Amino acid sequence: MMKVLVVIALLVTLISYSSSEGIDDLEADELLSLMANEQTRKECIPKHHECTSNKHGCCRGNFFKYKCQCTTVVTQDGEQTERCFCGTPPHHKAAELVVGFGKKIFG
């Protein structure tokens, strides 16, 4: 029983010490990461826009991040080119439909 109390006291001391030491660093790190996230959000590619040159730059949707979906387009000259756009994959659409339906039923 005494060992358990000593271990608990040691853990409480370590947690309080580490949290007091790192609060200022944590706040600065959080601020920098929030600023980076805002910058990333501004630069992401919206749904239905072309992502051929940046296949990992699609924005987030309601529940999931949009995926860059590519198709091969054949021109009248017979040339094949790849065209990509940001969109919601079918399995994500199904999940969003189920969640939306569940929200309507259960409030």
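Positions of Cβ are set from backbone N, Cα and C atoms, glycine also.
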What does Swiss-Prot give as the disulfide partner of C44, choosing from C51, C59? C59
Taking C70 as one end of a disulfide recorded in Swiss-Prot, give the other end from among C58, C68, C84. C84
Could you tell me which of these disulfide-bonded residues, C51, C59, C70, C84, has the fewest other Cβ atoms within 10 Å of its Cβ? C70
Between the disulfide-bonded residues C68, C86, whose Cβ has more other Cβ atoms within 10 Å than any of the rest? C86
Using C-alpha atoms only, work out the spacing between C59 (disulfide bond) and C51 (disulfide bond) and round it to an integer in Å. 11
I want to verify one value. Collapsing DSSP to three states, which class is C59 (disulfide bond)? coil
